[in-house]
Amino acid sequence: MALAHTLGFPRIGRDRELKKALEAYWKGELDQPGLLQVGRELRRQHWQLQKDAGIELLPVGDFAWYDQVLAHSLAFGVIPERFRPADGQPTLDTLFAMARGVAQGCCGGAHAQEMTKWFDTNYHYLVPEFTVDQAFSLSWTQLFEEVDEALALGHAVKPVLIGPLSYLWLGKAKGGEFDRLELLERLLPVYGEIFQGLAARGVEWVQIDEPILVLDLPQAWKNAFERAYNLIQREPLKKLVATYFGGLEDNLGLAAGLPVDGLHIDLVRAPGQYPTILDRLPAYKVLSLGLVNGRNVWRCDLEKALEVLAHAHERLGERLWVAPSCSLLHSPVDLCREDQLDEELQSWLAFAVQKCEEVAILARALVEPEAPEVRQAFEVSRRVEASRRRSTRIHKREVQARLAAVRPQDSRRASAFAERAVQQRARLELPAFPTTTIGSFPQTSAIRLARQSWKQGRLSQAEYTEAMHSEIRHAVQVQERLGLDVLVHGEAERNDMVEYFAEQLDGYAFTRFGWVQSYGSRCVKPAVIYGDLSRPRPMTVEWIRYAQSLTGKVMKGMLTGPVTMLMWSFPREDVSREVQARQLALALRDEVSDLEQAGIRIVQIDEAAFREGLPLRRADWPHYLEWATEAFRLCASGVRDETQIHTHMCYSEFNDVIESIAAMDADVITIETSRSDMELLEAFEAFAYPNEIGPGVYDIHSPRVPAVEDMVKLLSKAAERIPAARLWVNPDCGLKTRAWAETEAALANMVAAARQLRQANLA
């Protein structure tokens with residue numbers, strides 16, 4: 001029989017118990033013993049849930065108080081000087097300080113470590129900071145404590161570690177450039193110490209995650225794998241190297257040949273690496289096949305998965321293991337909690353607990369195909385697949401016909417930017433260095449209470465509309481008083497930049513308990529795309545029309561772009577991401593056109609996740625960038641030349657996608673640049689970016705009110721790179737999370753800075 005195991009399990013709890021406990025601890029409402037008890041109870045529950053589902057070898061070490069990479073940094077003694085305790089011994093509070101920073105009132109203050117996306121998921125990790133003289137030592141023994149807990153409960157365990165090469169790859173050199181591979185020999189002894197500690201506890205297997213094996217690796221890093229694992233093999237324990245999020249491709253031979261006892265591959269993201277892997281795998285080695293999708297919410301097609309397993313079982317026998325494609329960290333916890341989804345839609349879904357059951361039933365089907373539980377599970381799977389194939393809620397002829405009728409000219413504006421710009425300037429009559437904001441204004445407790453009361457039926461539609469109108473009036477009055485040139489309505493009615501639109505589109509569904517961890521205590525509940533997407537009615541027009549009626553100044557319409565809508569949702573698996581993005585683009589195109597018809601002269605289409613969608617392998621970039629830019633243009637190109645299209649992007653690297661950003665052909669792009677001191681504009685200058693740009697002049701993530709002179713300096717730097725006639729003045733990002741007092745003060749200074757620049761340019 002193939003062994004059923006998982007690579008990791010969600011840590012947040014069915015009711016987000018970890019989130020609630022962490023936030024209570026940070027507020028001083030829960031002491032550390034209470035927090036530790038919550039962690040112990042969650043681990044106990046999660047191990048039992050997996051065991052009850054039929055998982056035979058349970059992961060230990062997948063629990064983390066904030067992030068698994070950060071936990072490794074603490075374990076390895078990779079603690080930046082600004083956080084290092086005087087006695088050298090890190091504590092739980094050290095970990096939280098590294099993740100969240102330390103306030104100025106404590107020890108002079110210390111900024112948090114950088115956070116970035118975990119490969120191409122929507123999870124974020126804390127980036128390790130390495131110095132050229134970096135020392136490593138076993139400094140945090142949480143893994144040993146958790147192994148002891150699991151063993152005491154009678155579980156068969158498989159501790160989980162991030163591998164040494166992936167850990168170094170995920171970090172950054174600080175205090176000067178150097179090759180992180182130079183640190184490898186210093187790091188490996190700590191792994192040896194951990195392996196020895198686990199062996200002493202009677203552990204047989206350890207899982208070593210090396211997800212960078214699915215990336216384009218420099219030759220030096222490939223060579224380092226062989227060097228590192230030749231040393232690691234001398235240590236006790238059987239070792240399973242786990243890869244996920246993509247195919248091994250040119251690294252397949254390297255991974256298969258590593259001197260370890262097993263290899264896990266992701267057959268959801270990269271089914272093509274099977275059966276090739278069988279011919280490269282040594283005869284002694286276990287092969288773990290990831291056949292159940294660990295990062296989406298759909299049921300597995302059991303018959304299709306069993307075909308692969310049965311073939312592998314003939315070749316491998318007991319050397320075959322079955323698992324999800326990756327850690328279940330990226331899946332919600334338990335579908336059984338859902339009580340408001342309709343029966344048919346719920347039958348199509350599987351969360352982490354159900355995915356464990358699928359893994360276990362697949363393993364059992366190899367040896368007991370006629371067992372009643374196996375036959376029943378496969379019968380349900382067949383019914384689900386048939387239901388999804390013929391469902392008219394999924395497959396809508398009118399949506400498919402409209403998509404098929406799209407012509408190349410539908411993704412192009414009528415005229416080139418230079419011609420459009422002349423018409424837009426004549427229509428908008430804006431001054432040089434026009435000022436605006438990115439869209440959202442502070443979401444106060446009163447706004448949240450009104451929305452909650454309306455959704456719960458305690459506030460009528462008319463009462464809710466008046467409450468939102470009051471907030472819009474306030475936002476418009478503040479902007480007019482401050483002297484901003486292009487106004488926004490403030491987005492008071494929006495709970496989330498994706499969910500607000502998804503709730504109004506056909507083809508989206510929403511769960512009550514489909515939470516996944518984004519980072520630390522931050523959890524998100526992505527909408528689920530289950531079918532063809534369309535817009536039954538206008539989504540924003542009445543709010544924006546009302547806002548425009550309050551002022552003679554230009555009011556921007558605000559939309560979330562098709563790529564961002566897709567990337568921040570659980571997508572369908574039966575059609576490509578490209579098709580889903582184009583369906584979203586057509587739905588949003590209708591909204592853009594309706595805004596134009598309502599007299600709105602500027603429409604902003606945010607694409608915050610445009611870069612996040614990039615595939616892990618460079619060879620796959622061109623196809624993604626082609627359809628992602630086409631989706632944006634399809635969404636934005638149905639308007640007249642005099643209507644100005646804006647987009648907003650907030651990330652720190654443009655050089656490698658600048659051509660595609662230009663190909664989007666937005667009239668104005670606003671970007672996050674203040675923290676880089678305008679250095680990000682180098683990419684736009686070098687490329688000779690032809691359209692208009694609004695480089696962010698202050699960091700909205702900080703409560704600090706920027707000085708006028710600081711913003712004047714930044715704008716002057718920007719004007720050295722971009723012609724002044726094409727520069728806009730705006731914050732880095734939306735102001736949803738800020739308070740009104742600091743927002744007004746910062747915007748007043750921003751307007752003053754723009755006026756100074758205008759006077760200087762006229763002089």
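Every residue, even glycine, has its Cβ placed from backbone N, Cα and C.
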Residue among GLU398, GLU491, GLU653 sharing the L-homocysteine site, where Swiss-Prot lists ILE438, GLY439, SER440, ASP606 as binders: GLU491
Site-mate of HIS648, CYS650, GLU672 for Zn(2+) in Swiss-Prot, selected among CYS635, CYS733: CYS733
Listed co-binder of 5-methyltetrahydropteroyltri-L-glutamate (same site as ARG16, GLU17, LEU18, LYS19, LYS117, ARG522, CYS523, TRP568, source Swiss-Prot) among GLU480, GLU607, GLU612: GLU612
Number of Cβ atoms other than its own within 10 Å, given for CYS523 (5-methyltetrahydropteroyltri-L-glutamate binding site): 18
Candidates SER440, GLU491, HIS701 (recorded positions) - the one closest to CYS650 (Zn(2+) binding site) by CA: HIS701
LEU18 (5-methyltetrahydropteroyltri-L-glutamate binding site): secondary structure state under DSSP, collapsed to three categories: helix
Rounded Cα-Cα span from CYS733 (Zn(2+) binding site) to ILE438 (L-methionine binding site), Å: 6
Helix, strand or coil at HIS701 (active site, proton donor) [DSSP, three-state]: coil
Integer Å distance between the CA atoms belonging to HIS701 (active site, proton donor) and CYS523 (5-methyltetrahydropteroyltri-L-glutamate binding site): 19
Where GLU612 (5-methyltetrahydropteroyltri-L-glutamate binding site) falls in three-state DSSP terms: helix
Pairwise C-alpha maximum, in angstrom, for the residues (ILE438, GLY439, SER440, GLU491, ASP606) that bind L-homocysteine according to the record: 13
Entries of LEU18, GLU672, CYS733 which, being binding-site residues, have CA atoms within 10 angstroms of GLY439 (L-methionine binding site): CYS733
Spatial neighbours of HIS701 (active site, proton donor) among the binding-site residues LYS117, GLU612, CYS733 [C-alpha, 10 Å]: CYS733
